[in-house]
Amino acid sequence: MCDEITILEATRSLEPIVCRPSIYPPWLIIAAHAVASSISTPMFFGGGPIDMLFGLSLGFVVVIGSLYVSHRVTRLATIFDILLSGVVGFLATVISTRLPSSDACFYALSIGGVVNLLPGYATLVSILEIADGAIASGTLRLTTTLIYSLLLGFGLAIGANTHQLIFPSLALESSSAACKSTMSPLYHIILVPLYAATSVIKLKGDPQNYPVMLVLAAISHTVHTITLQNFAAYPHMATILASFAIASASNIYARLKPTVGFADMLTGLMFLVPGSIGVASSLDTFGEAISSSSPMSEISVILNAGQQGIAFAAHMLIIAASVSVGLVLAAVVVYPLRK
């Protein structure tokens with residue numbers, strides 16, 4: 001960092017940190033992933049209490065599959081997350097078609113169920129690398145995350161369409177309309193600290209850094225929510241301003257304390273990844289073919305799923321660009337290091 005140590009010395013210093021056991025027990029890590037899926041449904045995607053309940057179950061299925069089952073099914077390890085997203089898409093459709101639309105929202109359940117699979121951390125790292133001038137590694141990492149996002153969207157659409165093929169009489173209501181949350185925004189006072197805590201646990205962060213991470217996460221979510229209400233026609237402007245606010249506050253804190261600014265603001269930035277997907281009004285979640293009651297051919301299912309996967313990846317790219325603009329502007333205004 002800033003020519004103080006070499007890359008080899010930094011790598012040797014990081015090895016014991018990477019290899020040391022997690023400070024959190026396995027049951028707490030599982031609970032953090034499940035709770036994160038549950039909380040994300042009302043906070044980011046307009047879900048309600050029923051969505052929180054089923055989101056907890058979907059999050060539990062995803063974390064068990066990704067952390068434990070995938071390592072044992074070696075032949076499917078490379079595509080296991082895609083299979084999990086397909087399972088989530090199928091189960092979300094099962095729930096939303098059998099409950100009234102006022103109780104369960106397909107969009108909140110599907111995206112909330114895979115919120116732990118979203119490549120938020122990898123996307124943020126690629127953004128920082130590109131902003132720092134490491135174009136080759138940053139572009140490669142960003143391309144990988146976009147392809148992964150495409151496959152997640154593909155898996156969700158395949159799962160939903162599979163349900164439509166098996167149960168053609170149960171038509172899924174149009175997913176183009178956003179979920180209408182019945183929960184008061186005041187609940188965010190409780191949900192934001194809980195989601196920040198789950199992010200710290202998932203990222204294996206030091207509990208001592210939780211207070212500053214919570215403050216930065218609160219700044220991120222507050223600025224994003226308020227700005228979104230005033231820039232409804234330009235939803236990604238809210239992402240830029242929120243990332244600028246959190247990065248500026250983190251850089252100021254890094255200049256006052258001997259800490260790494262990126263590590264502190266990481267939790268706050270993680271709020272922007274699912275939140276930005278939730279407000280992307282142009283994303284017609286999984287296409288009109290899913291909500292159609294007419295039978296679909298296998299070719300139309302594959303084509304529709306592929307289109308929605310591309311849309312999903314395209315929005316991840318827009319989110320990455322929005323966050324990167326905010327981070328670069330913050331670095332110009334307040335550089336994180338004293339040098």
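Note: Cβ is positioned from N, Cα and C throughout, glycine not excepted.
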Transmembrane segment per TrEMBL - which of 5-31, 140-166: 140-166
Long-range environment of the transmembrane segment (107-128) - Cβ separation under 8 angstroms, sequence gap at least 6: 33, 36-38, 40-42, 44-48, 51, 54-55, 58-59, 61-63, 66, 81, 84-85, 88-89, 91-93, 95-96, 138-139, 141-142, 144-145, 148-149, 152, 156, 160, 175, 178-179, 202-203, 262, 266, 269-270, 273-274, 277-278, 285-286, 316, 319-320, 323-324, 327
Average model confidence [pLDDT] within the domain 'Threonine/serine exporter-like N-terminal' (3-161): 81
